[in-house]
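Below is one structure, written out as structure tokens; comments come after it.
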Amino acid sequence: MAQFGGQKNPPWATQFTATAVSQPAALGVQQPSLLGASPTIYTQQTALAAAGLTTQTPANYQLTQTAALQQQAAAAAAALQQQYSQPQQALYSVQQQLQQPQQTLLTQPAVALPTSLSLSTPQPTAQITVSYPTPRSSQQQTQPQKQRVFTGVVTKLHDTFGFVDEDVFFQLSAVKGKTPQVGDRVLVEATYNPNMPFKWNAQRIQTLPNQNQSQTQPLLKTPPAVLQPIAPQTTFGVQTQPQPQSLLQAQISAASITPLLQTQPQPLLQQPQQKAGLLQPPVRIVSQPQPARRLDPPSRFSGRNDRGDQVPNRKDDRSRERERERRRSRERSPQRKRSRERSPRRERERSPRRVRRVVPRYTVQFSKFSLDCPSCDMMELRRRYQNLYIPSDFFDAQFTWVDAFPLSRPFQLGNYCNFYVMHREVESLEKNMAILDPPDADHLYSAKVMLMASPSMEDLYHKSCALAEDPQELRDGFQHPARLVKFLVGMKGKDEAMAIGGHWSPSLDGPDPEKDPSVLIKTAIRCCKALTGIDLSVCTQWYRFAEIRYHRPEETHKGRTVPAHVETVVLFFPDVWHCLPTRSEWETLSRGYKQQLVEKLQGERKEADGEQDEEEKDDGEAKEISTPTHWSKLDPKTMKVNDLRKELESRALSSKGLKSQLIARLTKQLKVEEQKEEQKELEKSEKEEDEDDDRKSEDDKEEEERKRQEEIERQRRERRYILPDEPAIIVHPNWAAKSGKFDCSIMSLSVLLDYRLEDNKEHSFEVSLFAELFNEMLQRDFGVRIYKSLLSLPEKEDKKEKDKKSKKDERKDKKEERDDETDEPKPKRRKSGDDKDKKEDRDERKKEDKRKDDSKDDDETEEDNNQDEYDPMEAEEAEDEEDDRDEEEMTKRDDKRDINRYCKERPSKDKEKEKTQMITINRDLLMAFVYFDQSHCGYLLEKDLEEILYTLGLHLSRAQVKKLLNKVVLRESCFYRKLTDTSKDEENHEESESLQEDMLGNRLLLPTPTVKQESKDVEENVGLIVYNGAMVDVGSLLQKLEKSEKVRAEVEQKLQLLEEKTDEDEKTILNLENSNKSLSGELREVKKDLSQLQENLKISENMNLQFENQMNKTIRNLSTVMDEIHTVLKKDNVKNEDKDQKSKENGASV
């Protein structure tokens, strides 16, 4: 792939092929490769580096020497073992056991001791890295490397397969040992296969041990001694084999071991219950992987500036000395240790943190040569693009894009344009009359165009830059701008891309193309119209991007001899976005293609149904036929369509379809009738009925399947004629061109850059060369944008001086306040208060030192996780404050109250800072950085940014570049998010645009010939032309045209929004009207019910009155009847009493 500098291997594959750690000059030897020896040594070194044991203090110097002896002995044993075993088995599944008696170690001859530990100056942990042996194939640049061994992180894991670093595919069957989980670091052996869907496939995967261990678990369980046999390290899970004596004789000397024999070695890690001492292990023993940004990316070509890494840095030495002082002070003060353990704040900080996200791999790729080169020959092409096939006739190329897009007028992305390639079945609405190969075609000149399709500038920002205000889902799905910028190319065959164009014709295009530039433009318009149907005559600007020259030998073409000549191929880059149809034109085109589909369907329907006139005449005759003709008298293959339909209709079968379908249907029916007769002869009526039922079910199934297939075909054809919603330039490829193999395709810039040596066609070479030049043009433009932004930044020294002045003023004010306080009474209280303040100040300083020391390891990891919150300016100020620490401590004692107040207010300020919403204010600068930072790490290394500035063709000196980089670079990195993003509160602040006048670097300082100056003076007057007797300024007209185009695009966008809003309003109005109708209907029903209820109420009231009157009458009648009953009863009682008296009187008389 061209992006990887002529190598097919991605950057992660070559990332670990660096040389070993540099050694001091006193030793004169180099550390052997750890991975080449054994995975055991690799894991030991990794574990020690992660635990922080490689930081060599005077107290544990002998301890590290002991570990070095063990590592070198095991490495030598593993190297010998690799000579007698298979390579893969020796790399992963070797179980070695190194046991050597004490006498053997003492009687070895004296040789140099290879070790990775410095004997002069202790090195910090961050500088001890794992190096891998450079494969033999890397020494030969002509042979691409097919195999890599590296360490990576498992990013995806499924049931049977997974991915390492998002690129390397592996199956679980290739895993050796413990099955890895997502986020685990693994040792990978991968091979490259370009024919597979995933180019890199892992052959073996092995999980690196000692991951996710608890803080209290020691990394080494058994403390080894110097002279004792080296026991197998059970912690790492890999054993070693016995080592022969001859190998140790070649590596270990008695003289080098003698100093180590005088003292008894102590264990690497003490037990947890022991108190603090010189060999006390660090408090935070957490195995954390090194940040990905610490690893240098692979250069596109072999690096030549390695000496910069060997220069000692005085700042690093000062920070190392300060770290040593802090460590000694901690070891001397056990009380501080106890107070730190009892501090609740430290307990909160020791709580298990959240799972660390996978840091993206640092990937920065750019061309490592000057980008202002106007020409190139075969050797220069071969040097620049090692993967590019160069045709045999090529001898020169002119890069005219340098003049077409100078630094003062760069190319502007963001002009929305898209293409829509139509199916070969769909015909163009307008007839194409362009001629591709005229009879007088001359091969001296060829004109070809590269048509760009690009999203709008707003879409580019959101899809590629991951703006600060975008949601997290959109920021995670970013794409590189090279994937969003696409080109319309022709396809000859399967995978052969070609630029669209053809040869010059004197009769159609005009004579003398060398003097008249419009001749080749006419050639490009004609050939593009003939091949794609796109009319480029609407384009207003034609940029001459490149000229490629071939030396053609004498040949015979179409029966005539063509002498040897030079063929010049001119690649044009027109503003094709002006050919984009407007919204109204797009709607007209959409209706036209739909109408074309309707007409085609009607014509096919007429052809399928036959002549409708004959069908109408024969309708009556078909109805009269009631009995079908006997099957033995019919021959379906010789019958006409009308006869076939009559026979089918008489048999109650479908008569629709083509003639072949009718013949098949009738033939099948006749066979069924023949079978029926045979069955009737056998008198099997029951079976005949069953067969009839089966036949009907089969016919129904066939009819349903036929209808379903017809519906699918209809929908497929309709999709070919339906245009998308967004306007695009319609492409109708000329299917008859290039021997019927021509087609068109839309390919992104990254795909065009992914060429191979196998693409050995001349037209593919032209497309690949254009892609490289276009990519270099974008690199130059984005690099110049970064350069301008660095020029606009203020100098860092001015800011330091202002800060120092402000600090001095603050100190004077505070001293005056203290003098005022001394004049006040209450001396006893002030004295006691001063003593108390001094004690609190000492405690506060101790806590501050502990807090800084304990959070040292956390800062490095948090830098990767919180890169957006990293402030290079503030960190630089912190370094300056550390340099003046003695003076600062004096002022801190006097400013105790201010410090306490600051410590109380600091958490609230941090919370407010976290809550503040960031917003991107400089989107152009962010896109410029993102174009180089392909993995969105958020920073660029200093050496990469320096080389980018050198490639711009500004002829800058090293001092000038260093001065620019000092403004933004911190710890060898430039965190560009601090230059492009800010909080919403600071959004309205205007940027300081005090840009320097000299934006072209040192180009104006170079001597220029007088001829070029005269030509420039002549070209300045070319912009004025005489048209209809008036002088016309072409430049101003073009500017007005661009403005009008922008206004038109904005108006169309607003119109589209208004149409959408109108549609929504119509829908809401329709819904409101429907709801109004329903509510009015309900209202009428409610009124009707109300009137009915009122009538019922009146009726019930009348009935109530009637009932009351009737009851009153009844009551009166009852009262009269009761009175009469009472009177009658009284009369009866009187009569009974009279009778009783009479009877008594009669009895008495008797």
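Even glycines carry a Cβ here, placed using N, Cα and C.
Looking up SER685, SER983, SER992 in Swiss-Prot for phosphoserine, the annotated residue turns out to be SER685. Of the residues THR17, THR115, THR400, THR667, Swiss-Prot records the annotation phosphothreonine for THR667.
Among SER253, SER456, SER464, SER789, the residue that Swiss-Prot annotates as phosphoserine is SER456. Remote same-chain partners of the compositional bias 'Basic and acidic residues' (694-713), defined as residues 6 or more beyond its termini with a Cβ less than 8 Å from a stretch Cβ, comprise 653-654, 672. Within the model, the domain 'SAP' (636-670) carries an average pLDDT of 81.
DSSP gives THR627 (phosphothreonine) a coil state; it is part of no helix or strand. The two recorded residues, THR627 (phosphothreonine) and THR667 (phosphothreonine), have Cα atoms 17 Å apart. Highest Cβ count within 10 Å among the modified residues THR627, THR667: THR667.
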